[in-house]
Amino acid sequence: MDVDVDHYLVLGLPTGDEGTKLSEKEISKAYRAKALELHPDKRQDDPDAHANFQRLKSSYEILKNDKERKAFDDRLRTRLEQQRRQTQQDSRKRKLVSDLEERERAAFAPDPSAVARKEDEKINQKFRDEIAAIRAMHANKGEATPPLKTTNVSSGKGSTGGSDNGLDKDKVLKVTWEKVGPDYSPERLKELFSSFGKVEDVVIRSTKKRGSALVVMGSRDAVVAATGTTCGDLSNPLLVVPLQPTVATEFSSFQKPVEKDPMDKIVGKGYQDYEDLVMKKLQRAAQKRK
């Protein structure tokens, strides 16, 4: 006899503590009902019908015998208790594993402040990459056209960067931007560059693809402070360089000093004539302010 067979379940009865409380009459009634259901004459197409019926009879013989039923109840009780303990142990093991995994996640979880710093650095690096890409695009465009010769804006002879008419080239900035985001007005540029010093005048020239401006600062120190900075809207940053290439400036980590006027390569053909015209107007305006 298979020791793992639950004779109560074979007869379709409750098992465990409920099974031990069943009367002999209840067991006999369950056997008769099950025998009618599993009788081989009613299951002629079932090859296991005879074996199932014999197992039913064997279980009934054990349960109707008081001594054999008591021995079976003891074995069943022991087996069910083992199963309960095993279930409890498995549950404790799962909880221990879950707690351990939770502690490990907490131990190796990144510091929120470090995560925030890393995100800030990613944003800053992305901004620097975008600025570098814009400047590289300008440089590539400049290589396709011959470099323009820089002319002396001053009308006086022997000038070394100043102007006999009162306009000092060392105080002028060249500013360019791509038409890829918010545009810049003279008022907006004056507001931006006021943080570096006094702004005396702003002259803008724009095309469909590029905007450019000359910003006259109040001092050479203001020009030095503004040169090489990245300002304006993040979606459309400004490229700022001095009009006079001999001004000593410190560029940011992603802009190298250049010997020639970088705007000669950025603005493209035709800008020098426009620059001469603007400078003459600025010189006349400077004379009138004297």
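The backbone N, Cα and C atoms fix where each Cβ goes, glycine too.
Residues or ranges marked as domain 'J' by TrEMBL: 6-76.
Summarising the annotation, TrEMBL assigns region 'Disordered' to 74-121 (among others).
Annotation comment: TrEMBL describes 74-84 (among others) as compositional bias 'Basic and acidic residues'.
The annotation compositional bias 'Basic and acidic residues' is assigned in TrEMBL to 96-106 (among others).
The region 'Disordered' feature in TrEMBL is assigned to 139-167 (among others).
What TrEMBL records for 148-157 is compositional bias 'Polar residues'.
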| remark: Counting only residues at least 6 beyond its ends, the same-chain positions whose CB falls under 8 A of a CB in the compositional bias 'Basic and acidic residues' (96-106) are none
| query | With DSSP helix as H/G/I and strand as E/B, how many residues of the compositional bias 'Basic and acidic residues' (96-106) fall in helix, strand and coil? | reply | 11 helix, 0 strand, 0 coil
| said: Give me the DSSP three-state residue breakdown of the domain 'J' (6-76), ordered helix, strand, coil. | reply: 53 helix, 0 strand, 18 coil
